[in-house]
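Lifted from Swiss-Prot, the feature list:
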- His5: active site (ACT_SITE)
- His41: active site, nucleophile (ACT_SITE)
- Glu25, Asp27, Asp85: Mg(2+) binding site (BINDING)
- Cys45-Cys51: disulfide bond (DISULFID)
- Cys47-Cys190: disulfide bond (DISULFID)
- Asn250: N-linked glycosylation site (CARBOHYD)
Amino acid sequence: WIMGHMVNANYQIDEFVNLGANSIETDVSFDSSANPEYTYHGVPCDCRRWCKKWEYFNNFLKALRKATTPGDSKYHEKLVLVVFDLKTGSLYDNQAYDAGKKLAKNLLQHYWNNGNNGGRAYIVLSIPNLAHYKLITGFKETLKTEGHPELMEKVGYDFSGNDDIGDVANAYKKAGVTGHVWQSDGITNCLLRGLDRVRKAVANRDSSNGYINKVYYWTVDKRQSTRDALDAGVDGIMTNYPDVIADVLNESAYKAKFRIASYDDNPWETFKN
């Protein structure tokens, strides 16, 4: 999965997919009542990026729905996964459940079209704080209450705080999550970060009793760091330059081993060689 980083304005969906991304990451900011309000990152953000592009969350969802609904004039067949980077740092811990509930209602109405031929992409809810695990509970219970528990088949999870892998496993236990787990590791492109924790996550993914299904690394903009991440065995790379990742995947060393994921590749299944 080539994951376009910080796609927060509607027009950037086309821009990143046209550069080679089959997945995008979008920042979601919340108001003081835990309503998802804007797709917005803000300052500081990655080097060589403009941090202030934004859209109202529901308007972004509508554009995303069009981009992932077969038959729509804006449809992109290869856009198959969306990571919502949930900026819950502005919320109190006790608002996490409400944030999940409100997020689910927004997605149900504006992305899934109330279960009636909505967008088809798989969705990852990426949460920066382990203490906010109840966001998952709120999301799940709301879809059930609203009569669409089947949509949870399209939803996965990520805790993005680079926490100890054992602590992450524990948070999932509390949230009642037993699958659909993506594990992120990384740092802004302005700084360097080694691959030690990525290797631990990959080892967990590949062990018989691990909780992780997929591992992705962020934010990778250079050819050499792309090669290093692929060599470490990641499933996804988040980038500001999808074309760079696509180029490396075309190199002879990687062409035979990796391919770009399509809609038929289940993002919740651990890949077995």
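Including glycine, each Cβ sits where the backbone N, Cα and C put it.
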Cα-proximity to Asp85 (Mg(2+) binding site), 10 Å cut-off, over recorded positions His41, Cys45, Cys47, Cys51, Cys190, Asn250: His41
Distance, Asp27 (Mg(2+) binding site) to Cys45 (disulfide bond) (CA atoms, angstrom): 11
Environment of Glu25, Asp27, Asp85, the listed Mg(2+) site - residues of the same chain whose CB lies within 8 A of the CB centroid: His5, Met6, Val7, Asn8, Thr26, Val28, His41, Val83, Phe84, Leu86, Lys87, Ser126
Whole-number Å value for how far Cys47 (disulfide bond) lies from His41 (active site, nucleophile) (Cα to Cα): 13
Protein Cβ atoms within 10 Å of Cys47 (disulfide bond), excluding its own: 12
Rounded distance in angstrom between the Cα atoms of Cys190 (disulfide bond) and Cys51 (disulfide bond): 14
Intrachain C-beta neighbours of His5 (active site), sequence separation six or more, cut-off 8 angstroms: Glu25, Asp46, Arg49, Trp218, Thr219, Met238, Thr239, Asn240
Nearest recorded site to Asp27 (Mg(2+) binding site) by CA-CA distance, among recorded positions Cys47, Cys51, Asn250: Cys51
Asn250 (N-linked glycosylation site) versus Cys47 (disulfide bond) - Cα distance in angstrom: 26
